[in-house]
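Visitor: First the structure, which I've put down as structure tokens, then a few questions once you've had a look.
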Amino acid sequence: MEEDEESSLLSQHNVNEADIGVIIKANTVTESEAPPQPNRAPLKWGHYLMGPCLTIHLYSYLYCNMVIAQYVYSYLAKQKYPDTSFLSNNGDSQCYTNKTSPAYIERTDAQTMASDWLMLSSVFACAPGIVTDVVMGSLSDKHGRKHFVVISLIGTFLKTLLIAMGMSTDISVTYFFLFIGIEGLTGGWCFVLSIAYAYVSDLTASNNTRTFANTLVEIFVGFGLVLSGVTAGYLIKNVGFVYSMIVISALNALNLIMILLFLPESLDKSKRQTTDMLHLFKSAFAFYTRDTSTDGKRWKYILLMLSYIGLTMSIVGRQSIEQLYQLNVPFCWNSVKIGWYSSINDVVRNVIGLCSIKCLQSCLFDEIIVIVSGLSSVFAYTLEALAVNDVMLMIVPVVGIFSILASPVIRSIMSKMTSPDKQGALFAGVAVMQSVCTVLSEVTSKSTYTATVDSFRGSVFLVFGGFSVFLLVTFIIFIIASKLSKKRSIRMQRKAIYPGET
């Protein structure tokens, strides 16, 4: 109906091609309004190494988390209850459902202690990154991406090596906070992921190609998460915690060497920022304080960031809580079963789900994909909260198959609105918020689980579902506001062409 009205109006006024061009431009989608793209150099084989780098790095992150969570749970339980009967020799939880039995009481107490420890460790892992992510991310627009990837990988290698040494000498797990803090000071996984997105933005045009490239980034992340689940479970069971950490330390060293020798720089020197450092730091947050371009409206960035906050809060605290949840009644899983579930979950969500984005894009707008993703997440967390047996828990990944799709789509929308020389600053700001959200999500989820572990321990997943609802609400507001803004733009363009029109 609106198109008929527009055609009628154009015929009545007999406008020329230039006038029609103005109206067409006002109706175009976000990506066509994005800043002009410079010519890019052809891709080299080395550019594709960013994918394997992400796979290894995220493999290390989840692998290390799984080993640490189960080691700390076993360590704290044995420290307080040296003669306990609820742990087997390899640290697997034994299932006691009688709430008055000493074993049940001891296990509940151990779960509470482990949850508190993991909550504090997340602060050491992410709090330093709130500063370092914005500093290094903004500086990458001036000095290139590769140097800062290397710095972050060095921090990860040192963390895993020191934890392996700490486990082998049986030192107090309190020292692990310092080792984890080293990785936090060098950016951690949030920073490496943000640099990977900036790296991809340097090499792709501002269209659906970038959305697909961002999805490939998430798929490489998914491969790392999948592999870590299976291998960590078997290694913990068969070789123990110490050798499990030695393996991942060696892999981190290999990743560091590969990036140092073979990864080319993506940001050409002619495209780098030449402004002073203070301006670079401010640029990471300039998107949320003022309009940065014709399409880069402040309110758009704010709404998209709020949506991304809801998404991050619903994802990052889940993995470690799931392990405690699965170790407890009524599941009482061992390390191998936990590892397999983690891998199945990541295959379905991070590989199959993300691979489906190309098919979904052929029949759905990006904005609708985000809505589908949010709904998938809400339903999955609700089912997980109410699960009372293994079958219900195994259905959770199937229900949540699209829950990760919102991440690359939201990042891509923000990237399309941003000029090429500010991609590093944009993703540095995203990394900072990701670090803040990681701390908040970990603290919220662990404190919720601690408070409800003896009553309704599944309530923590309802909290995650609530964050997904927040994502849906803020993104729907973004869609509605964008449509209203486009209609207003069309009216203003028409008024400029036809001053006498009412």
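Glycine is no exception: its Cβ is also placed from the backbone N, Cα and C atoms.
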Visitor: From the ranges 212-236, 362-386, pick the one that TrEMBL records as transmembrane segment.
Guide: 212-236
Visitor: Taking contact to mean 3 or more CB pairs closer than 8 A (sequence separation of 6 or more), are the transmembrane segment (391-413) and the transmembrane segment (48-73) in contact?
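Guide: No, these stretches are not in contact.
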Visitor: So what's near the transmembrane segment (173-200) in sequence-distant terms, Cβ-Cβ under 8 Å and 6+ beyond its ends?
Guide: 50, 53-54, 57-58, 61, 68, 71-72, 75-76, 117, 120-121, 124-129, 132-133, 136-137, 140, 145, 148-149, 151-156, 158-159, 162-163, 166, 210, 213-214, 216-217, 221, 266, 411, 415, 423-424, 426-428, 430-431, 434-435, 438
Visitor: Out of 48-73, 242-263, 425-441, 461-484, which stretch has the largest tally of CB pairs under 8 angstroms to the transmembrane segment (212-236)?
Guide: 48-73
Visitor: Can you work out which residues elsewhere in the same chain, 6+ from the ends of the transmembrane segment (148-167), have a Cβ less than 8 Å from its Cβ atoms?
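Guide: Beyond its ends, the transmembrane segment (148-167) has Cβ neighbours at 53, 57, 60-61, 64, 68, 71, 136-137, 139-140, 173, 175-176, 179-180, 182-188, 191-192, 195, 241-242, 245-246, 248-249, 252-253, 255-256, 259-260, 263.
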Visitor: Could you tell me what the rest of the chain brings near the transmembrane segment (301-321), counting residues at least six beyond its ends with Cβ under 8 Å?
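Guide: Residues 62, 65-66, 69, 115, 118, 122, 287-288, 342, 370, 374, 377, 381, 403-404, 406-407, 410-411, 413-414, 417, 429-430, 433-434, 437-438, 440-442, 444-446, 449, 460-461, 464-465, 467-472, 474-475, 477-478, 481.
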Visitor: If I take every residue in the domain 'Major facilitator superfamily (MFS) profile' (58-483) and average their pLDDT values, what number comes out?
Guide: 87
